[in-house]
Amino acid sequence: MCAAQFPNGFLWGSATAAYQVEGSPLADGAGPSIWHRFVHTPGLVRDGDTGDVACDHYRRWKEDVAIMRRLGLQAYRFSVSWSRILPAGTGHVNYAGLDFYDRLVDALLENGIEPLVTLYHWDLPAALDDRGGWLNPEISKWFADYAEVMFRKLDGRVKKWATLNEPWVVTDGGYLHGALAPGHRNRFEAPIASHNLLRAHGAAVQAYRATGRHEIGLVVNIEPKYRASDDPADVAATARAEAYMNRQYLDPVFFGHYPKEMVEIFGEAWPDWPSEDFALIQQPIDFLGVNYYTRSVTRFDANAWPLKACAVRQKQATYTETGWEVFAPGLTETLLWVKRCYGNIPLYVTENGSAFFDPPTAAKGRVEDPLRVDYLREHLGAVRDAIAQGVDVRGYMAWSLLDNLEWSLGYSKRFGIVHVNFATQQRTPKDSAHFYAKVIASNGAVLEESTS
Ligand code: GBH
């Protein structure tokens, strides 16, 4: 018998995000979000896909909760659409929008499923973008006010809150490279958006200490950076990549300052920040959510802007349909790295998953997805290894419960453990979902069985 085990009470769940699954973006008085705008701007999203219907989860949530229950999920991580709650981002509260999440939380609890609520998974109210969005320093107050509405409504029943999902993606995709909403490409804007995201996070945590009684944290994406060679140029490029993606948000939250490499990366576009901002940013948090998909092997590249670093493709590796290397040891390494750098804070793997082509057999009731099963098995093993080495990992959320809108890649990439036929909205749990159900039922013991 192997000694490594998942602790009792380890929380097994799955995750989604509002704009990716809900559909009905303007229903019941909701205001448009920047994603609603982005997808309706021709040419920005693959095949012209939109979130107008998505998984129709806004109307089919009962069926989806029933699926979660059948799979034995113990937790469901979802995000709240800010512009359903405050259609203009500030001011008027739309109670019909609030009721949607109220009913969802009740249904989850009735089925023994713990809700993990993320307040911001990229769908900023469009009305706030019109006021500068993440570039306007006022947004910390806007966000804290919205957060407080949610805390007051749900904190009696929701015990784990996350402020932001992946601030790095918000700024890198939304303000620096423009592949995600609001689609800006501006090296002066990206640092400002980052800083205001952190201030908003801090302000929401502060509001939580005044109104909430449970736990609040932050969710970041981490991709361990391995150097392609010992050449000093590659070593320095790897340090920049690590600072930019993995430490840009965590150093300020835990240490009260940015990594020194940020100046090197952004040059004159990196401002001097007022020191009092860091007191706000550095509010203690109760847990950290880590999203892990892949690693990168990094080398110097003079033409890669602004990092002067790029990822090297690995010859012997498996790649998913999004072009990301499958590398499970990177998840163990990530969890150990967080503990080594930032201390023994409780961790949740808040996202981990893979996009692969699925065979079109869902109509026959079965979707064989052996590559996703392998990915899941290997990455759960990686989590168990980190726990065995003393990291306080408390739960795992598979990304994603449902095939959904993969942002600017539209519906072309399927991350779900449950297949969605977007023409009929028929849901079919894939083999990976059935495998995950067994993992959950055995608290991970099934991972120790031979796979031959
Ligand atoms: C998450 O972000 C999102 O939270 C979620 O909404 C989304 O659906 C899911 O992932 C799947 O994309 O091209 O090799 O350099 C993922 C964050 C950051 C992970 C960039 C992959 C690029 C790897 N991603 N990273 S590579």
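Using the three backbone atoms N, Cα and C, a Cβ is placed for every residue, glycine included.
Feature list (source: TrEMBL):
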ACT_SITE  GLU166  active site, proton donor
ACT_SITE  GLU351  active site, nucleophile
BINDING   GLN20, HIS121, ASN165, TYR293, TRP399, GLU406, TRP407  substrate binding site
Response to the item:
Rounded to a whole number of Å, the separation of the Cα atoms of GLU406 (substrate binding site) and GLU351 (active site, nucleophile) comes to 14
Item to complete: Give the sequence-ordered list of residues that share a chain with ASN165 (substrate binding site), lie 6 or more positions from it, and have CB atoms under 8 Å from its CB.
Response: ALA17, SER79, THR118, TYR120, HIS121, TRP122, VAL219, ASN291, THR350
Item to complete: Write down the Cα-Cα distance for the residue listed as 'active site, proton donor' and GLU351 (active site, nucleophile), rounded and given in Å.
Response: 11
Worksheet entry | Spatial separation of the residue listed as 'active site, proton donor' from GLN20 (substrate binding site) - C-alpha basis, Å | 15
Item to complete: Report, as a single number, how many Cβ atoms besides its own are within 10 Å of the Cβ of GLU351 (active site, nucleophile).
Response: 25
Discussion item. I need the least crowded one of these recorded positions (GLU166, GLU406), counting other C-beta atoms within 10 angstroms of each C-beta.
Written reply: GLU406
Item to complete: Between the Cα atoms of TRP399 (substrate binding site) and GLU166 (active site, proton donor), find the distance and write it as a whole number of Å.
Response: 14
Item to complete: Please report how many Å separate the Cα atom of TRP407 (substrate binding site) from that of the residue listed as 'active site, proton donor', as a whole number.
Response: 14
Response to the item:
DSSP output for GLU166 (active site, proton donor) maps to coil
Discussion item. Helix, strand or coil for GLU351 (active site, nucleophile)? Use DSSP.
Written reply: strand
Response to the item:
Whole-number Å distance separating the Cα atoms of TYR293 (substrate binding site) and the residue listed as 'active site, proton donor' is 13
Discussion item. Quick check: which same-chain residues outside GLN20, HIS121, ASN165, TYR293, TRP399, GLU406, TRP407 lie with their CB within 8 A of the centre of the substrate site CB atoms?
Written reply: ALA17, TRP122, GLU351, SER400, ASN404, PHE415
